[in-house]
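What follows is one structure encoded as structure tokens, with my remarks underneath.
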Amino acid sequence: MVWELVRSWFDSLWFKISSVFLFQKELSIAIIGLQNSGKTTLIRLLGGKPFETDTVPTLGIQVSHFSLENNLIKVYDLAGQTRFQPLWERCFDKVDLIIYMIDLSDTMTLNESLQKLVKVIQMANGDRIPLLIVGNKTDLVADPKDPLPLGPLQAYNPDNWEKLKLDSTNAHLLKNPDILSRQIGVDLAARTLHVPLQSSEPPANESNAQGPANDTKQLPLHGDIAVLTVSCKDGSHIADVIDWIVQL
Ligand SMILES: Nc1nc2c(ncn2[C@@H]2O[C@H](COP(=O)(O)OP(=O)(O)OP(=O)(O)O)[C@@H](O)[C@H]2O)c(=O)[nH]1
Ligand SMILES: [Mg+2]
């Protein structure tokens, strides 16, 4: 415990000294998402540490510093437990990037995670904070032996933003970042977010001439946004996460 405090103080001091003398770019990142999604694990990997199976749930906010390809990174690792979630947005005014982690292998919490994500997208978009959405644990999501026939979501019908009813037979589809984006409601090409209409709102074709033919409305996305799927365990696509962070 004392050693952890000394190390965190030393890291912070090193961060300040190197940012003054080495003129590196500084980036502050908040990493959020439901508990057990792999936030602390991703930070370990970005900081050059190995994957660990036995992790301790984060309590509150844990701040760490490291360098990543000539960038000085300060990370706010926010606890995912429900009681700590009100802390998430308190960090938004301090950061240059938000990373939102999703556990793609946990079909019990996927819908909750995606619903919370839509609120985060709207907040980040309002404040124009870049947002990187990371679907994690692809190593645990097995492909089915007998794939289902292509549905509208997979067939990329531009007018149909109907979402999959997620269950253990179709959750593997979200390993594809394009399908994950559509399930969230993010149209990366058109830079819009499709959100369900409230019952009090008029149908989409009355409120928005170019709107989709179903009961969603489109909100313009202003900030940088990307969707990636990774496995922290086997390291797949972690390099894409790093590339995206350092290009900011
Ligand atoms: N199989 C597999 N396990 C993973 C992966 N990423 C993380 N884990 C495991 O998931 C568990 C939770 O990881 P954490 O990084 O502690 O999760 P967290 O999001 O920080 O959780 P909180 O701090 O409670 O919010 C640990 O057992 C990790 O080893 C992955 O890509 N694949
Ligand atoms: Mg954690």
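A Cβ is built for glycine as well, from the same backbone N, Cα and C atoms used for every other residue.
For the GTP site, TrEMBL records Gly33, Leu34, Gln35, Asn36, Ser37, Gly38, Lys39, Thr40, Asn136, Lys137, Thr138, Asp139, and the single candidate of Gly60, Gly80, Gly185, Gly223 listed with them is Gly80. Taking Cβ-Cβ distances under 8 Å and a sequence gap of 6 or more within the same chain, the neighbours of Asp139 (GTP binding site) are Ser231, Lys233, Asp234, Ser236. Proximity of the binding-site residues Gly33, Gln35, Lys39, Lys137, Asp139 to ligand 2, judged by a Cβ distance under 6 angstroms to any of its atoms, singles out Lys39 in sequence order. Once the Cα atoms of Gly33, Leu34, Gln35, Asn36, Ser37, Gly38, Lys39, Thr40, Gly80, Asn136, Lys137, Thr138, Asp139, the listed binders of GTP, are compared pairwise, the greatest separation found is 21 Å.
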